[in-house]
Amino acid sequence: MLLDFLDPVKRNLKRYWDIVKKINEIEEDISSLQNEDLAKKTYEFKERLARGETTSDLLVEAFAVVREVAKRTLGMRHFDVQILGGLVLFHGGIAEMKTGEGKTLVATLPLYLNALEGHGGHLVTVNDYLAKRDALWMGPIYKFLGLTVGVIQHEEAFLVDWEDKEKFTVKLVPCSRRQAYLADITYGTNNEFGFDYLRDHLVVSEDEMVQRELYYAIVDEVDSILIDEARTPLIISGPAEESTEMYYVAKKVADNLARDIDYETDEKLKTASLTQDGVKKIEKLLHIDNLYDERFVDLVKHINQALRAKEFFHRDVDYIVKDGEVIIVDEFTGRLMFGRRYSDGLHQAIEAKEGLRVQSENQTLATITFQNYFRMYKKLAGMTGTALTEAREFKEIYNLDVYVIPTNKPVIRIDHPDVVYKTEDAKFRAIVKKIEELYKKGQPVLVGTRSIEKSERLSKMLKRLNIPHNVLNAKYHEKEAEIIKDAGQYKAVTIATNMAGRGVDIKLGEGVAELGGLFVLGTERHEARRIDNQLRGRSGRQGDPGESQFYLSLEDELMRLFGGDQVKSILTTLRVDEDEPIEHPLLSRIIENAQKKVEAYNFSIRKNLLDYDNVLEKQREVIYKEREKILKEPSIRDEIIEMIKEVVATTVNAHYVTEELDDERKVELEKALTNILGRNVRLGEVSNIKKDELIEQIQDLAVKLYEEKETRFTPEIMRNVEKYLLLRNIDSNWKDHLYAMDELKEGIGLRAYGQKDPLLEYQIESRALFDAMLDRIKYDTVFMLYRVELAPKEENKTKNDKVDKKKKR
């Protein structure tokens, strides 16, 4: 009991259950209200907030109101466990709720309460289909209560509006992106929210910004977005000036090299490194003396990427080729990741490998990881079916506690022990035999695979036996929801890559419960136990019967890479026929330990990525805040004058380094000042002038020249020119800085060999790079401002405006 008190999660759960009781106590009173009075509650709550009450004060009544409105508009009543989930989300936690427990309905409670404050709330989903579906499904609740709802899609945006207010049906009405973000509640995907944030920080006018403050977000499938995708940065890029020819050269070289002779590979790290023999062979092939000459630095990088493309990136597993393009397949969901490209020339290496047109490598204009994007929200919450195995990571990185919410009805699914075979071929034969057995019985089966290639292999085997089935993988994304919905029907056989169709409920067809419910068959263990649990969780929803079992082989990737020697020793002691399953008490333990090993390894990689990205994050914060300030300020004239003075002072200090300014340095200083001010600068007799006085004199001259230009342009035009040039210089220098930071990060690991801490070195050097970039922004802006001239049309317009003003006087 004392331990429960010391555990904040258990302590909070006890407190939340007490709140659930209070909400239930007033249910009858709220139910007695007429529709009109119920709808007025939103206005009443907003009034109370304006008078100084907090959302916590309104919580009990607000949740009871939403529950009642859901009953009237959707015919759905929040169960007590759903109310509990809503409380976890409202207080900024992660609610782990099993599949089919109604997470979509749960989110309406905290979204409504937080929206009352007027800052907006975001519901983040994994794909466009779910964002649209959930907004339309839950829309009647919000519309009844007088709230606006926006939906962000890949290239469009909508507002939810009444279709028939009497029947409580809603529809989507197209709107601008900005309008969708101005809604009280906005549904969209993690990609769209993140990219809109980056795009907002590349605009040159405040009117072009679409998002407002990042206040409250509920991340659906939180483990998928904040853990599986945490290592994938969002990148907005533009083409870099580079020839694509070298990728084809690197591909030809890679084709001529032999593994373990010319290069060695590391499967765990997915790296390839050239041997001495390999280096000699390349030098001979390309007729060069020294491959490691500085002229060939890029070539070596391209050859390494070509080897990685050849060895570790496989068609229909890691990517597919569609319409002449290489499209990445999400390792965790099996979905196609349109618009995403591998970085550092790897994507181009794959294009060359596949004989496609190589698209030029892009240069990053703006980038952020999901880790840092979501940590910017003032209040963050999440929900998923599986989070507990990653509780430590959620706490350490996002400061989010995981709360396991009990199911409304007990789970009665039977989870059978794993079946392990010697070879992959034997495993697939056994899987097909099991599917045939289930099909004849009529029990529906959902088969989870780890790649498109495995899905298609299984499909061919089933076709030979004339077993009708649906294949659900990244190639057929559009049909995903429809196919998965019917996976629980009588005699249904569905093959799906990983977690395709996440967020879509599988309901059992007539008579299926009596046959044992949905049978989930996993064809391979995933690196993370969580993903296996997600697959299992597709069966046995809301107290339905169901079964699950994993079929494995000792040739599976996880077993091969991380089971290692223990597996080999078991193999030598057991002389088992290939088609006989291997049963050994040690095997289950080896599998779980292998998964724990990989989970810990992946966590350390994500943590390391975050440590480095945090350095860039602080710099990004400074740059983006500065950009926002420039966009919002009516005038930045004072800042520009300060900038001019600073550039002048820096320039004089750089040349006037001793007590006196000799003739040679004087000439150099005159040249430098002439270059900045765009006007011949002669210093005359300065030997008896102190440095500070000289700086002051030149600053006065620079400001006078600037004011002359301002008079010629008119102050109004000058204000716009200042903003435009400063923003453009921030953007171009930030782009170059991101490139420099990438280069720095790539080479910094070598410092470990010199007994130095790479992260500390990275922090020190990145600070120096950042300061140098800030100086460049100032210099470039001042340089351009003194050189900018009006186009003839503008000039005539300015003169005419002045004449008009004189006449009016």
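Heads up, the Cβ atoms here are built off N, Cα and C, so glycines get one too.
What TrEMBL lists as domain 'SecA family profile' is 1-583.
Positions annotated as ATP binding site by TrEMBL: Gln82, Gly100, Glu101, Gly102, Lys103, Thr104, Asp505. In the three-state DSSP scheme, Asp505 (ATP binding site) falls into the coil class.
Here TrEMBL flags 84-258 as domain 'Helicase ATP-binding'.
According to TrEMBL, the feature domain 'Helicase C-terminal' maps to 427-609.
Between the candidate binding-site residues, Gln82, Thr104, the densest Cβ environment within 10 Å is the one around Gln82. The Cβ of Lys103 (ATP binding site) has Gly85, Ala95, Met97, Asp220, Met383, Thr384 as same-chain neighbours under 8 Å, each 6 or more residues away in sequence. Considering other CB atoms within 10 Å as the measure, the emptiest surroundings among the binding-site residues Glu101, Asp505 are those of Asp505. Take the CB of Gly100 (ATP binding site) and look out to 10 A: across all protein chains shown you find 21 other CB atoms. When averaged over the domain 'SecA family profile' (1-583), pLDDT in the model lands at 88.
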